[in-house]
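J.: Below, the features straight out of TrEMBL:
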| type | residues | note |
| --- | --- | --- |
| ACT_SITE | Asp232 | active site |
| ACT_SITE | Glu250 | active site |
| ACT_SITE | Glu251 | active site |
| BINDING | Asn235, Gln249, Tyr290 | substrate binding site |
| DOMAIN | 77-187 | domain 'PARG helical' |
| DOMAIN | 205-406 | domain 'PARG catalytic Macro' |
Amino acid sequence: GQCANGWQPVDCGMSARETKLLFSEPRVPVGAWISPHLPALSRSVESVDGLAKLMKELHGPQAGLGKSLEAAIIGQERNFFGSLLPFVQKLACEAPKLFPDGVAVLQRQRDGTRRLSSRQIASLLACAFFSLLSKVDSVIEKCPELDFAYVFDRCKTQTQYLLHYFQRLEEADAAGEFPERFVDFHRRVVAEEEKKRKFSNDALLKSNAPLRDFKAHSKGEIQDSKGAIHADFANEWIGGGALMGGCVQEEILFMIRPECLASMLFCEVMAPNESIIITGAERFSSYSGYGHTFTWKGDYRDPTPLDSHKRLRTVIVAFDALVATSSNQYKMENMQREIIKAYAALSFPRSCFESHAEKGYAFKAFATGNWGCGAFRGHIPLKAMLQWISASEAGKDIVYYDYGDAGARGLAEVTRKLLEAEKTVGWLWRELVSYYVEVGMRGDLFSYLIEGLDPQQREKNLAEARAQGTCGRTHLESEAVTKSILEGLSAKMNARSRGRGDTTTT
């Protein structure tokens with residue numbers, strides 16, 4: 001049956017022990033935070049000055065009405081104060097009843113699922129509208145903050161997205177058609193034993209898992225892939241800068257699917273071996289642009305059907321990349337970290353989705369792209385190959401959207417050739433480690449991989465490079481250096497793990 005906080009342990013596949021653990025975990029005391037403000041929230045507000053007065057009553061004389069929100073109200077006063085704002089107030093007032101036991105935190109290093117109804121999520125976002133969830137509390141000190149204050153003050157575009165979300169729900173509620181759906185938030189943890197068994201250097205070198213199908217596209221977008229797992233190039237603090245004016249991949253995703261924002265209240269910062277999976281978030285808006293050109297383009301009616309658990313058949317996986325430098329991203333332990341991170345995003349339990357292959361919702365493919373290659377400065381060819389390893393180990397195909405980035409030039413060719421040659425995860429891993437040692441990243445990775453299909457041609461090219469002074473080692477020397485580096489790294493990382501419990505796999 002459904003629990004008071006909207007979470008359904010049977011449907012999520014939780015055992016009796018796990019259900020007991022859920023209710024012993026830290027909880028966000030939503031009801032306790034909102035209840036004292038019910039009298040103020042229940043009063044009618046009829047003007048901008050009245051709304052500013054309400055905010056002062058809620059937060060003190062220093063509080064006020066955000067400039068972007070005020071600008072959005074101008075010319076829309078009748079609709080805003082006549083129907084939209086009263087609806088948002090009503091949703092916020094429902095929080096104590098919708099969350100009598102609060103919301104259990106999804107803690108680091110603990111697998112778990114929280115299932116919230118669409119109305120519960122709307123109530124949380126209504127509380128964020130009035131900045132009622134931003135209290136400093138030790139329970140959520142490791143979670144991002146769910147608060148619209150910054151957006152409403154400084155972010156005109158994001159304010160449009162949030163107001164449109166509430167407008168859509170208000171219209172549905174007035175028509176007696178408020179959506180009866182659920183959204184699941186799941187934390188996936190790759191356990192230490194699984195990391196060592198699958199992603200130690202030896203395990204990767206010995207892996208005979210075939211490289212899965214890989215389709216590269218220079219046009220189109222991740223959300224165009226119907227029935228695929230959609231990548232969220234996340235910050236370790238889920239949501240990233242979505243409520244701080246950010247306008248890149250994750251932030252855009254959270255604006256067009258505002259239900260994702262609820263995760264910022266109860267999902268602790270992700271560890272290197274974790275991901276967060278969101279199932280069932282609806283898309284409400286269309287958009288154009290990226291970064292400073294990001295713009296709201298109007299309403300979007302999500303055609304995605306529901307599954308038997310009343311979740312939209314949409315699966316989003318949030319996984320954060322390392323902040324890269326020109327050299328550190330090719331170090332073995334950092335490549336392993338990225339493989340484990342992407343694997344965590346793709347190896348989630350079956351409770352996170354319900355396949356319906358006949359209608360195109362099989363979730364056998366991973367729609368992704370240039371992960372960690374913007375502000376985090378990742379190398380596109382490397383990140384594409386690391387994701388390919390993870391997807392292959394997880395049994396998922398890849399549908400890759402490079403958004404026309406020149407750094408991905410040659411991706412379609414190299415993946416096609418490696419697939420034709422029936423290469424494995426083990427082969428690709430060895431090539432990536434060797435590339436850093438042999439050419440020191442001074443050569444093109446894709447060309448290096450293609451050369452690896454013909455060892456004699458590679459040795460010839462390396463000989464020419466040595467003659468030109470751009471590569472100082474013979475192939476045999478590089479093999480020895482590679483082995484030495486791998487053994488040295490293993491010893492170093494093992495010692496570090498014994499000394500301080502480090503979870504990095506070697």
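Note: Cβ is positioned from N, Cα and C throughout, glycine not excepted.
Because TrEMBL annotations are produced automatically, they should be read as predictions rather than curated entries.
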J.: Of all the active-site residues given, Asp232, Glu251, which has the fewest Cβ neighbours within 10 Å once its own Cβ is left out?
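T.: Counting other Cβ atoms within 10 Å of each of the active-site residues Asp232, Glu251 gives the minimum at Glu251.
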J.: Can you count helix, strand and coil residues in the domain 'PARG helical' (77-187) using DSSP?
T.: 61 helix, 15 strand, 35 coil
J.: Taking the Cβ of Glu250 (active site) as reference, which residues of that chain separated by at least 6 in sequence fall under 8 Å from it?
T.: Asp232, Phe233, Ala234, Asn235, Gly239, Gly240, Ala242, Ala318
J.: List the residues of the same chain that sit at least 6 positions away from Gln249 (substrate binding site) in sequence and have their Cβ under 8 Å from its Cβ, in sequence order, or write 'none'.
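T.: Those within reach of Gln249 (substrate binding site), by Cβ under 8 Å and sequence separation of 6 or more, are Asp232, Phe233, Gly374.
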J.: Could you tell me the maximum Cα-Cα distance in Å between the residues recorded as binding substrate, namely Asn235, Gln249, Tyr290, rounded to a whole number?
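T.: Max Cα-Cα spread across the substrate binders: 17 Å.
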J.: Same chain only, sequence gap of 6 or more: which residues have a CB within under 8 Å of the CB of Tyr290 (substrate binding site)?
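T.: The answer is Cys247, Val248, Ile252.
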